[in-house]
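Data first, discussion second: the structure below is written as structure tokens.
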Amino acid sequence: MKGGSGVAEPSVIVERFEDADKEKKKKRRSNRRSKHNSACNSVSEARGETSDDFKSEDKTNGLTSMNRSSSKQGQEMASNEQTPVRASDAGFTSMPTMHINEQVGSGSDDTAVDVGGTFSNSCPESIAYPRSYPFHQFEGFVRKKLFATHWPIEAVNDALENGEAFKALFHVNGHNRLEAYCKIDGVPTDVLVNGISSQNRAVEGDTVVIKVDPLGLWTKMKGSNGSSNNSTVVEDCNIVQEVDGVADNSYKGKGIVDADCEYDNSTSGVPLEKGVYDETQVTTAEAYNHVNGHQQYGSESSHVGLLPGQNEDINSVDMLAAMTSRYPLRRPTAKVVAIVEKSVRRDAIVGFLNVKQWFSHQELNKRDAKKNSAIFGNEYVTLTPTDPRFPKMIIFVRDLPDSIQRRLADGDVIVEMELLAAQIEDWSAENPFPRARVSRSFGRGSELETQINAILYQNAIHCADFPPQVLSCLPSIPWEIPPKEFQTRKDLRYLCVFTIDSSTTSELDDALSIEKLSKDTFRVGVHIADVSYFVLPNTALDVEARIRSTSVYLLQRKIQMLPSLLSEELGSLNPGVDRFAFSMFWELNSMGDVLDRWIGRTVIGSCCKLSYKHAQDIIQGIIDLEKSNTLEGLPQLHGRFAWADVIRSVKCLHEISKTLKDKRFSSGALQLESTKVVYLFDEDGVPYDSSLSERMDSNFLVEEFMLLANMTAAEVISRAFPHSALLQRHPEPNMRKLKEFEAFCRKHGLALDASSSSQLNQSLEKLREKLKDDSVLFDILISYASKPMQLASYFCSGNLKENLNDWSHYGLAVPLYTHFTSPLRRYPDIIVHRTLAAVIEAEELYMKYRRELKGNNGEEVSSKCFSGIYFDKEAAVSPQGKDALSNAASPELLGDVAAYCNERKLASRHAENACEKLYMWVLLKKRKILLSDARVLGLGPRFMSVYIQKLAIERRIYYDEVEGLTVEWLESTSTLVLSFSGHKRLFKRDGPGNYMSLGNAAWVVNPYDLSMETDSISDIDVTCMTKGEVEATSKSWVDPETFPLTVCMLSTIPVALYAIGGDDGPLEIGIRLYMSSYLK
């Protein structure tokens, strides 16, 4: 069919669900039958201990058996990989995973927006490993291909043009690396890429080309059958089985990986087919169809076709969107066929080396020095990334830095405790893991500075000092406003202008003013630092600001976009000094309607710097002029204004902001406000406590006027420059996740209408009132409602000129939006300032022309033809108007600028989230243990998901196959009963391996010890702690539960939280049930 019309026959594409489901069941039964025939190691083998299989006389037989099995399994890969990996056939009722401080706009699919691990050491058992040989070497061996060859560029272009494939960003589930997804613009739900072979060597952040599977192979939506299974978390040790087509169902229910397995030093390496790697023996066979046995590209296997009755002129995106709408209980699945742009994250993957097994191998080969020297060049170790979305990587010993090679030669195991950065160099179709090279060492993983440096590195945060050529672009100090500027700017130093910001903020971007024009009319002014006066286009300062794109705030460290001389002094709207500003004035009536506006460059003088707390005290009447003692502690007041002027202004602004806010929400805006964890630091910058903080009325006061300014700027620049305006859009939410949220609320008797942003907000406000006595549940609902929200992104209006509907902002429910109010910390705001200045300049040029025209007959001409409320379109399309606008416009490639700023904004968010998680880890490490109540969000026979409001995080507790613990799962009522027998079972009933220690799932204390408080939880077992070992560290007492423990959805249970990792693996927040029993 290649070269055909590109439109598949409907009968070929639309398969019957019944046939597909029957076929899947057959495959699952077949895999279950073959499960017991799979060769598996014991847990001791998985952890690197020598077994009988490692004896020389058994090597050949073991390899032969494995190769025969692999050959047969490879023929079934294409079919078996379609079935999602599941933990259990039993039902699981849950909400989508919430991660640390996940913010609105996180468009990832159950993916952590924080860079770092998402597992805790409370994960249950180890995976069953296949029989293999030591992982530290590859010998010369012709290995079979594990992945399909990526399509050539010609085939990719043809498939994209014909609508037979789609280009999209590749994202990985942070809880399960076997599960990834791609979001296709115009399709309401994301596309699942399930399984390592389907992912075909793509990593997080890659731009890939995917081919959508036939409709009959689409997976069921979570909850579509009434309940969903406990999701499987499978680690790299199962990848070889999966790519050979046996991992999907034959290991069903055995996929949960203990953190000890994931990060244990003894599991360095992967079970490849022979012990030494030969780089030269790489096959060159092209991709082939595992079913038909021949090569296939493009239309030969077209996967997305027409629905019955559809117009053949419809494009492939609309076709896929129509199919997802028609079958809402099915989620599209796909395979990666090409990687067209590799993620920058490939060059900055942070992790720990696993070298203990390499040391063990050296000991075994000391007796054969000749053989050892011959194969040394091909020996390797593995690196385990701290971000679970990335695979383990192979690193040849010969490629390690000389300093690390010397330490390995000296037997220095401390190497494993150091945090390293590596870059992926190659990932061939024959290898289950990529080959990488170490590029940097940060130091011991338990040190705070090491972790911060690693966070900055892996997110490519530019944190070096500003070079001299950049600083030379700034004026020398002391600096005063040049007198000529007063001729072109409006002098507003007579106005009572002040800033409201955080008490610790040194970069003051915005200030406010208000004047009463009549009884019901006010003139409100927003004054933004005129940074574009100092940051001229294409200067060294401009280039540096563009590279950095945004300031990054890491709680105790700030990485500025602009030099401090500009961001904290010359450009900052500090009180008591004259400063340049870009001002907007609106004349507003009591209903919040804008009667008129003015925009232009000004000179202002702020009279004081108010904190949000100061403004809040004024709003609440705590600061009162009639009580002189309430004025103590206020900031210094500058100029001729009195505190009465400031207090009156703040109160008036507050009343107007409430009107604007009500009007905005009545127009459909959405508010997803949740509590935030605030840390308290000692003099050394180490956190010693935390609290929850909510925004105050003073925060909303400032926010309303900043939103109004941003919306005004977007309107002005998009009308004047419809093809070259930098705007921000916010797409509609992920419909799949939104439906899951609706289903959860419906199941628990909570009415929710998510048909629009307006209806969703109204429903949440009703729930807020209904749950006013259960703030924890409402916080959970807000976090859950945030998950479907996609990321807002910058774009150039010219790039979407054919799709005006895509310009809108869902959360704000406005057709146009941009960023104008924070130019000291965001580069897009500087671009918008320049564009606004161009509009004003064009307006002045055009009005100058009109005034010079003879025969104007004295008619009055508006001086705000481009920046006023009413846009003079006739003036804009006139020859003179076109000339004025073109002469004032700046010829920048805004599409590229927008894309880069989006990337930097996301990297900044990841760094900030990772830093918050780091400080949470440091706090728990210092406090040893934190007892807290937790709310059950998800429940099943293997694990539960809980929300801890004290830290605003979600965690999982695994309890399946734990010694002494009996699990009873009542499917009909979604109820869990945990009983503790006290006796130990040494081995699992259905396979090799030990039961997990009870201490991995619960901290069980003797009731006699409850008079004492808690000490540190051991990573191995805390069930044997004696009364004398207990020490008070947790100030807030939480009572433990007793066995049998009955748990239902939304139950409140006590938990113990503690810090994991540092020197021995990625940082994690561990969690266990907090229980009491005399059987301890």
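Quick reminder: no glycine exception, Cβ is built from N, Cα and C everywhere.
As the structure is a computational prediction, the values presented were derived from the model and not from experiment.
Positions annotated as Mg(2+) binding site by TrEMBL: Asp501, Asp510.
Taken from TrEMBL, the feature compositional bias 'Basic residues' applies to 24-36.
The compositional bias 'Basic and acidic residues' feature in TrEMBL is assigned to 46-60.
What TrEMBL records for 61-85 is compositional bias 'Polar residues'.
Positions annotated as domain 'RNB' by TrEMBL: 489-842.
The feature region 'Disordered' is assigned by TrEMBL to 1-85.
Per TrEMBL, site 'Important for catalytic activity' is recorded for Asp509.
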Return the residues near Asp501 (Mg(2+) binding site) by Cβ distance under 8 Å, restricted to its own chain and a separation of at least 6 in sequence.
Leu508, Asp510, Lys609, Leu610, Ser611, Tyr612, Val702
Where does the mean pLDDT land for the domain 'RNB' (489-842)?
94
Over all shown protein chains, what is the count of other CB atoms within 10 A of the CB belonging to Asp509 (site 'Important for catalytic activity')?
24
Asp510 (Mg(2+) binding site), number of other Cβ atoms within 10 Å:
22
